[in-house]
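Beneath this line is the structure, given in structure tokens, with notes to follow.
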Amino acid sequence: MQYAEILVDVANRRLDQIFHYRVPQLLTLKVGMRVIVPLGHRQVQGIVLRRADVLPEEAKEHVLKDVLAVVDDALAIPEDLLNLALWMAERTLCPIAQSLHTVWPLMKGKVEEWVVPLASKEDEDVQTLKFLDPEVYKGFTVLFRAKQKALPLSVFLKRSGFSQGKMDELLNQGWLRIESRFTSGIPAGARKQPPGETQLLEAKLITEGWKLTPEQAEACQGIEKALDGKAYQTILLHGVTGSGKTEVYREVITKVIAQGGTAILLVPEISLTSQVAYYFQKQFGHQVIVMHSGLKSGEKVKAWQEILKGQVKLVIGARSAVFAPLTNLRLIILDEEHEGAYKQDENPKYHARDVARKRMEQHQGVVVLGSATPSLEAYAAAQTGQIGFTKMEHRVADRPLPPVEIVDMREELMKGNRSMFSVALQSKIRSRLETQEQSMIFLNRRGYSTFVNCRECGYVVRCPDCDVALTYHSNGQVMRCHYCNHEEVPPHVCPECGSRYIRFFGQGTQRVEEELQGLFPKSRILRLDWDTTRAPENYNRILSTFRKQEADILVGTQMLAKGLDFPNVTLVGVIAADQLLNMPDFRAKERAFQLLTQVAGRTGRSNKPGEVVFQTYSPKDRAIVLASQHDYLHFFWEEIKYRKDRRYPPFTHVIRVILLHEKEDRVIKAAHSLTEFLRLGILNNEGGYNDLVILGPAPAVLARLKNKFRWQVLVKGKRLEPLRAFLHQGVQKYAQDSSSQGVQLNIEVDPLSMG
DNA sequence: AGCACGCCGACT
DNA sequence: GTCGGCGTGCTC
């Protein structure tokens, strides 16, 4: 008898284990194949992990069932990607099923009970039912109306209104039959559609740079040497804004492809893929494919199939493209490596950097991390020699980095200027309008005002489902929750004390736009933020309008900071540089420095020199001062010392578990139970986890979100692997306990922010 | 996760 | 009396 080890496709921690099944003679199973297996009282998808001739001891106590079928026409997961999925589940502490779906999106599908009629519409018996039992006849009509002349049981019950009793009656009388059917989640004919035309519009025009600068040439040599080494390596490419990192990428990718290899180029945002793709398609044509989560499922499947056919040599995309099933993969590049978007904020909460490293370890290839402002983790790793390092300190054509003026807004206030714009910034904008050059104004907060508040009693309007203040939006004149999108009309009188002194406080991009328009009535202003780019085509439309110089000023949130290149922009203004610093988070300074440096880097990118203004209430702050001097090195050493003194990452690792439920008592009980299991783990001390600290349980920073209460438990430790293994054990035990029933678990390894 | 079983209130 | 609400337990 043949046996198979199966991973079942059910996203639940209790089922995160190997299940054993017997393999009937008729079926030939291979590792990575999709199969249908019985599980409890239903049938589910599964993946063949291994075949075995002998059953392990622990499996013998079960009565084994048979594998029912192989999912036909489905491709088996390549073994390297199967291993990658297992590794990722372990690494991010998420259920294996979720990890599998992320690595192998072709796995969509489920087994369902379907109701099938046992007579046709024209049957006399059915026709007589019309009079004898109109209710049953109605059931038939519901089925006959359906496209496939049959319906999933749950849908049928809803549409017909039949109860379980009525259902049994019909089944017994032989009118209907129930059968299990497998529905593939992949649309039958994956639609044929080349990458959208709009994607090509917003392309960067390349007029220069075909000859490498000496720094670029040196960076290329370093990477190429690593590629020739045929062993895994990561290299950090630290190049100031405008130093031409893309050129380096192009050069090394060309080399990889020439040698018969393939590569992946990751960019932080979907919106940036089209710019970059255009640049590379000019050289590599159809060997390039764009991939990201914004593709419709049909397009995604098509892209996947194209890659599997072996025609594709280069995949360009956002985070999820790191899983592209290329063969002969030699190189993965992460552009703007420091960007938070590389970490997925739903399960599996992976960081593309880690996945890239794992894949290149599997294939003895090279990872390149490119940035002007590397993450502290990456730069520290380069300093200690764990990863390679190469740098580019000069912009192309020896253009200078733009001078930055720091304006103290307290002084502005003392001088009687109560507007959002300092005198200096106003006059610089005015002169740009006169010379027909362009400006970018940055404020990292969308909406009009950040909270609505009663001056009499201090009441602040909050979201009913989340623990946050609502933001007022001037378009539509509503208050909106930035976490769950709940909307409300602002009150005229205070709901608490009845006072009419309701005022709007704090500033967002809508307010910036409005006030600018007031100051410069003739100027043409565009806004780039989450609200104006809700429809995906708007992003490119706004940018191409700005590029064609049909607008003078572009106001926006951090979307402005990412990789944009407009030759005519000679002024960048940051409205409130401090606001970035005041986040309750040890990474706030790092993020502020990165964002300020990146925004400043958007100007002076052509032969016209650029200028930058940082407005702030804390002009002495080190992140602000050092960003104004474009001094990454000093910032790194100051910040790394602070992290070391306070024992923050990268010197320690943190795993955060958030527990969620609608009922507060259930969460509290579960959180305590989990903490108990973890403390027991330390007491038993089998893995030698003596440097671990458990903090909590305590209400999470956002104690309520989307109508769910949130409690958290933090575990800190010096080394990541033992910490992860410790949590895995603890969570596994907790998941078997009844207190965990129904309470959602949200686990994050090394979270980027504590909010 | 889903599905069954078992125990309670409230209705044709 | 039965229908259906949800706590509890189980899945090779």
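The backbone N, Cα and C atoms fix where each Cβ goes, and this holds for glycine too.
Keep in mind that TrEMBL annotations are predicted by a computer and have not been checked by a curator.
TrEMBL has this to say about the protein:
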type    : residues                               : note
BINDING : A:CYS454, A:CYS457, A:CYS494, A:CYS497 : Zn(2+) 1 binding site
BINDING : A:CYS463, A:CYS466, A:CYS481, A:CYS484 : Zn(2+) 2 binding site
DOMAIN  : A:226-392                              : domain 'Helicase ATP-binding'
DOMAIN  : A:489-648                              : domain 'Helicase C-terminal'
Considering the binding-site residues A:CYS463, A:CYS481, which residue's Cβ sits among the greatest number of other Cβ atoms within 10 Å?
A:CYS463
Within the same chain, and leaving aside A:CYS454, A:CYS457, A:CYS494, A:CYS497, name every residue whose CB is within 8 angstroms of the centroid of the CB atoms belonging to the recorded Zn(2+) 1 site, in sequence order.
A:ARG455, A:GLU456, A:GLY458, A:TYR459, A:PRO495, A:GLU496, A:GLY498, A:SER499, A:TYR501
Three-state secondary structure, which DSSP defines for A:CYS481 (Zn(2+) 2 binding site):
coil
Using the alpha carbons only, what distance in Å do you get between A:CYS457 (Zn(2+) 1 binding site) and A:CYS463 (Zn(2+) 2 binding site) once rounded?
18
Across all chains shown, how many C-beta atoms besides its own are within 10 angstroms of the C-beta of A:CYS494 (Zn(2+) 1 binding site)?
19
Rounded to a whole number, how many Å is the Cα of A:CYS497 (Zn(2+) 1 binding site) away from the Cα of A:CYS463 (Zn(2+) 2 binding site)?
19
Looking at the binding-site residues A:CYS454, A:CYS497, which sits with the largest number of other Cβ atoms within 10 Å of its Cβ?
A:CYS454
Roughly where does the domain 'Helicase C-terminal' (A:489-648) sit in mean pLDDT, to the nearest integer?
87
